[in-house]
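Database features, via Swiss-Prot:
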type     : residues : note
TRANSMEM : 36-56    : transmembrane segment
TRANSMEM : 84-104   : transmembrane segment
TRANSMEM : 114-134  : transmembrane segment
TRANSMEM : 140-160  : transmembrane segment
TRANSMEM : 171-191  : transmembrane segment
TRANSMEM : 240-260  : transmembrane segment
TRANSMEM : 272-292  : transmembrane segment
TRANSMEM : 324-346  : transmembrane segment
TRANSMEM : 404-426  : transmembrane segment
TRANSMEM : 456-476  : transmembrane segment
TRANSMEM : 483-503  : transmembrane segment
TRANSMEM : 581-601  : transmembrane segment
Amino acid sequence: MNLIMPFSIITLTILTIPIMMSYTNKYKTKSYPYHVTSSVSYAFMTSMIPTMMFLLSNQDSYISNWHWMTMQTMKLSLSFKLDFFSIIFVSVALFVTWSIMEFSLWYMHSDPYINQFFKYLLLFLITMMILVTANNMFQLFIGWEGVGIMSFLLIGWWYGRTDANTAALQAILYNRIGDIGFILTMAWLLLHLNSWDLQQIFMLKPTNLLPLLGLLVAAAGKSAQFGLHPWLPSAMEGPTPVSALLHSSTMVVAGIFLLVRFYPLMQNNPTILTMTLCLGAITTLFTAICALTQNDIKKIIAFSTSSQLGLMMVTIGINQPHLAFLHICTHAFFKAMLFMCSGSIIHSLNNEQDIRKMGGLLKAMPFTSSCLMIGSLALTGMPFLTGFYSKDLIIESANTSYSNAWALLITLLATSFTASYSTRLIYFSSLGPPRYLPLITINENNPNLLKPIKRLALGSIFAGFLISNYIPPLITPQTTMPLYMKLSALAVTIMGFMVAMGLNNITLNLKPERPNPLHSFSSLLGYYPNIIHRTTPYYILMMSQNLASLTDILWLEKLAPKSLSQMQLSASMITSNQKGLIKLYFMSFIISMTLATMLII
């Protein structure tokens, strides 16, 4: 008997219990967040049972199908697909979310609406699980939109702040652009294949470029690729637990997961693979450059997320979706930990986010600073940490790929920049003399803060090794490789470390100077927000205002109604030119009446 699907249903049932509790009086008590956290931890433990059973079963996938409705000739069904991608991702997402929720018990303890906050976090997780386990486009779209609306609600959680509201609107608007591509793909598949079922789509394998372009636009919007990227750093206006969940295992990796899920359609289409490769390469380099000069600790980590998403896109572009999925899973651990460490630092330093006003935290907050270093080193791909097992494989695969040498060089440069801004983050926040106010009380003794970071630190060390052992090879791996190509990823990482340390030591003795154009380009995010959010709307609105004014003048004063009134006024002035001679007017009236009376008689 197959017990994988029943245990998966038990996992989902455990997660829905706190949602049902929100309709009872228990929702109004202070213990509700603890119930939600416990439910997620139990769900993670039960999810490990079907995960181990699946990995030991040597099966490709398990599919459950319940008929829902029939529309003309197309059947809609509630269909769940448990394969390697979905079952591993669900376990990783549950583990990371459990840690983030426990961290939120400490971080959000004073928020008056903490119960609603935890409910939103849980719904965020459930919608992502719907997305990754969906076996048809309609069900996938439900999870896709659910993730989008929950991100809008959570980014704008502190609705009293204008920046938070603006960031939430940015996120939802940029994602609407991606949704257009997704809906166009759904419409094309329905029109030409008469099916939204993934198995039927993969069996028919449409060769048209249009649906694949729609999927690429959808992924670019959701995963903040170049052109649709400005919402990701703006989303840092939300609470830190939201940033951790958004960047690790839910929203931003949904676009990459979509392309991983549809790789059977992309793998034999060189045009879409080249477009994906180039888009990912541009994204990973541009966002790495932007991260080099940022001073907000959360924005540095946010740009590192965008850079890693570009690297995942490059991996899909070289036709290695399993490696992209491995990087999604390994990235979730250290990225969530980095955000939680930054949240701990911000909380202790009285909401200070500027790394130039930190320093010396290795002595004041040794546990948080140590975990921040572990996460940063894992991000750079330091050997035998979690990031190494995916990032090094990706660089090796790119080295042996014949697709695009330009994209490979850009990716290597971005990898070096990753080491540079990670070193800068560690150097400014943890090392050197303290630069924060002396009266700040620093405390990192709360177990709700320490335990989740410890778990994620262990994941950042060991998870990559454990998950990489179960990655099924898509293509026969390279049997031989020159030593210089094997060590290229490590070489550029060490180069980035050395350059960053050298620059940090040199700049301590320099006098302030006017920033050069390259520095301004990086710190102002390539002028992209100013051009897209300020200059372009300004000229469009000015043009619209001028057109509206001209239309009003033409319609009101030249055609109607002012012109009609002017015509009537001119006619009345011509026909009756009044002079104010009342006696003459009265005499004319009497004469007229007398003549009329005589005619009648």
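Note: Cβ is positioned from N, Cα and C throughout, glycine not excepted.
The largest share of C-beta pairs under 8 angstroms with the transmembrane segment (171-191) comes from 140-160, of the ranges 36-56, 114-134, 140-160, 581-601. Long-range contacts of the transmembrane segment (140-160) within its own chain (CB-CB distance under 8 A, at least 6 residues past either end) are made by residues 117, 120-121, 123-124, 126-132, 134, 167-169, 171-172, 175, 179, 182-183, 186, 218, 222, 235, 237-239, 242, 245-246, 250-251, 254, 258, 261. Outside the transmembrane segment (483-503), and at least 6 residues removed from its termini, the chain residues within Cβ reach (under 8 Å) are 380-383, 391-392, 395-396, 399-400, 412-413, 415-424, 427. Note on the transmembrane segment (240-260): residues 85, 89, 92-93, 96-97, 100-101, 103-104, 107-108, 121, 124-125, 128, 131-132, 140, 144, 147-148, 151, 154-155, 157, 178, 215-216, 218-225, 232, 266, 276, 298, 301-302, 305-306, 309, 312-313, 316, 321, 324-325, 328, 331-333, 335-336, 339-340, 342-343, 346 of its chain, located 6 or more positions outside it, place their CB under 8 angstroms from a CB of the stretch.
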